[in-house]
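As structure tokens, the structure follows; a few thoughts come after it.
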Amino acid sequence: MIRHPTNRSQRGQGLVEAVIVIPVFGVLLLGIFQGVLLYRAKATLDYAALMAARSGATHFAQPGPMLDGLARGLMPLYSHQTGGTTLIAAYAKAKADLQLAQAASIHIASPTRAAFNDFQQPEFDGVKAIPNDSLPFRGSHIGPQSHLTVQDANLLKIRVTYQYPLIVPIIDRLIGHLDLARTAAAGHKVYSLGIQAQATVYMQTPIRDPKLLPTGTGTGGNGNAGGGNNKPGAPQGSGNTAPPPAPPPSGSGGSTPPTGCTPSAGICCIT
């Protein structure tokens, strides 16, 4: 009788497969769990950035009120319960984390110092500021340095970067960086991952301190780097430069139309 050693040679096959598959699927499941937490943190940060921008819009774009608004928006990440004392504790934790651990930074993207130089006017107390009142009646003059209108210069655009602490083991070391400030405060290694959010609101108060604004030129209201009045088809960065007049039609005797005329359209604007 011939014996086949098939069953004997396959002993331990399931153990070998488990040793290979379990670590892979374990890391995958941990990554999915951390991804869900990151999605929640990003949604919370989007709301917190809007709160920070609104606080800055009503407080002359000062960093202190914007930091307070950011802390209020991030409270859901520091508390899992509701109630008066719980909310107060969550706000205190968020504010301490932002200030002591430097867990977030707020960068003003627009307006810039160039916009301040273009539109600054003395206020009632003599302090120069970007005017914020009667904007619909101030015209659409393009600033020579910022390439913005005064209406665009009153748009507060901020970018918030938040160092989100990772809590899922293994994944935190794979995608995060060692957060030295939080590590010193917690007494154990804490890994964080930077996430960003942006917000844009209209200023409700005039911007009075140009030191708070970044250097460089601004961006027009339609997103073109050359200014807010670029027409479709015009070269980028042309600002308000008018296109060259069209050549006279054939048979016109070589007469040159006045400046600003468009013979093909039959329209002539004389200034």
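Glycine is no exception: its Cβ is also placed from the backbone N, Cα and C atoms.
Feature annotation from TrEMBL assigns domain 'TadE-like' to 12-54. Taken from TrEMBL, the feature transmembrane segment covers 20-39. Residues or ranges marked as region 'Disordered' by TrEMBL: 208-265. Summarising the annotation, TrEMBL assigns compositional bias 'Gly residues' to 217-230. Annotation source TrEMBL lists compositional bias 'Low complexity' at 231-241, 255-265.
Cβ atoms under 8 Å from those of the transmembrane segment (20-39) belong to residues 164, 166-172, 175, 193, 195 of the same chain, restricted to positions at least 6 beyond its ends. Residue counts for the domain 'TadE-like' (12-54) under DSSP (helix as H, G, I; strand as E, B; rest coil) come to 42 helix, 0 strand, 1 coil. Predicted-model confidence for the domain 'TadE-like' (12-54) is 93, expressed as mean pLDDT.
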